[in-house]
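Notes follow the structure.
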Amino acid sequence: MYNVTYHQNSKAMATSDSIVDDRKQLHVATFPWLAFGHILPFLQLSKLIAEKGHKVSFLSTTRNIQRLSSHISPLINVVQLTLPRVQELPEDAEATTDVHPEDIQYLKKAVDGLQPEVTRFLEQHSPDWIIYDFTHYWLPSIAASLGISRAYFCVITPWTIAYLAPSSDAMINDSDGRTTVEDLTTPPKWFPFPTKVCWRKHDLARMEPYEAPGISDGYRMGMVFKGSDCLLFKCYHEFGTQWLPLLETLHQVPVVPVGLLPPEIPGDEKDETWVSIKKWLDGKQKGSVVYVALGSEALVSQTEVVELALGLELSGLPFVWAYRKPKGPAKSDSVELPDGFVERTRDRGLVWTSWAPQLRILSHESVCGFLTHCGSGSIVEGLMFGHPLIMLPIFCDQPLNARLLEDKQVGIEIPRNEEDGCLTKESVARSLRSVVVENEGEIYKANARALSKIYNDTKVEKEYVSQFVDYLEKNARAVAIDHES
């Protein structure tokens, strides 16, 4: 049974952007997939809607709500859901960070078990809108039967979604016409413009550990697309000029950009972790340090970790490596840094083995570049601070992001062997120095700085949010419904 924790109060409502007199207050429910790369943008979007004076109910599971306590705005109503027990999941596993990628299929199975609880919430509270994620394939039809307007908030980049399939039916039936490796490693025929956005052969090989039996991600996403009144993207028109109209054409549904939702730098300067890292960074020359982070969930092999480490050593550059011991391709794999690496690079390298405050690190004046896996959130955070990117994509959307960003000349992708994806220390070192040290890196630095100005334009961001909320107000349930009637 769900447990609604009300943080909202009349005083808080009065301090938010007041609703124009002739508009009704909406009730918007939001329900993300159980991955923090999804949960945090959903929570941020929820806060922005609430700040416009609307009631927002944020749905997630009990343990995740507890983890989010410092992020939750008092304007938001929190709805705690009890995740059904699935035998194959570890005890208390309620997010993708809690499980090996092989077991994410069971987390999706558990989320599917939330259907009765979420349905009861919708029946009893009758929100005007429900904003959901790609996994919740069963939710659009339930919401439609209750007269609730439906939006899919996609935290994946629009070019990735456009690449995956030409229509929701193609997603559902796994029938986009691509049957060969060559088909999948060239831009699809439904792209009406030239682009480098496509997978390579070694990208396809890396997908295998993520494939699982049961309801496919394609089916889930296709059903979500098919049942939605609109699609929401964490994007600017300026960065998705071609892609957003293409998605509208492919899926025949309105596509609404909500802005980039850039995160805020935490205000606690006395955080012990940050104090230690800052002290190290303060001792380095301005614009000299490369920040390295590959996310907390990607599968990275022992060979890749060794070559990346030796490449950092070979480059001669100062670095901070947020090294949360990666998960190997199999559960039994043990991934370790090469012997002696930490000691040999101690004078110019900091290997941080627990959680690292990424935004704070990227904001420090000594940082000059970002070696990243190209997750969509990390891209925004790196470019917010004008850092050129050294890109080492791992799987799924990350290679597609890297191809587009390399084409826009905000960084370069570290070369791999085209057949097997093998990485070498020489390619790592050469890529780092090309972006950070050599003259050829000046174009990447200049373009990253230019994007930083766009990403930090608060006026533009506020306009996107206002237009998005205005869309919700004008299109709720197709006709205005007074909550008091």
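Keep in mind that glycine also has a Cβ here, set from the backbone N, Cα and C atoms.
As given in Swiss-Prot:
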BINDING   Ser296, 355-356, 373-381, 395-398  UDP-alpha-D-glucose binding site
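Sequence features, as recorded in Swiss-Prot, placed on the structure.
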residue: Ser296; record: UDP-alpha-D-glucose binding site; DSSP (3 states): coil
residue: Ala356; record: UDP-alpha-D-glucose binding site; DSSP (3 states): coil
residue: Cys374; record: UDP-alpha-D-glucose binding site; DSSP (3 states): coil
residue: Val380; record: UDP-alpha-D-glucose binding site; DSSP (3 states): helix
residue: Phe395; record: UDP-alpha-D-glucose binding site; DSSP (3 states): coil
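Considering other CB atoms within 10 Å as the measure, the emptiest surroundings among the binding-site residues Ser296, Ser376, Ser378 are those of Ser296. For Val380 (UDP-alpha-D-glucose binding site), the same-chain residues 6+ apart in sequence whose C-beta sits under 8 angstroms from its C-beta are Lys234, Leu260, Leu261, Pro262, Pro263, Tyr455.
Summarising the environment of Ala356 (UDP-alpha-D-glucose binding site), the number of other Cβ atoms within 10 Å of its Cβ, over all protein chains shown, is 20. There are 19 other CB atoms within 10 A of the CB of Asp397 (UDP-alpha-D-glucose binding site), with all protein chains counted. Note on Phe395 (UDP-alpha-D-glucose binding site): other Cβ atoms within 10 Å of its Cβ, all shown chains, come to 19. Counting every protein chain shown, the Cβ of Cys374 (UDP-alpha-D-glucose binding site) has 27 other Cβ atoms within 10 Å.
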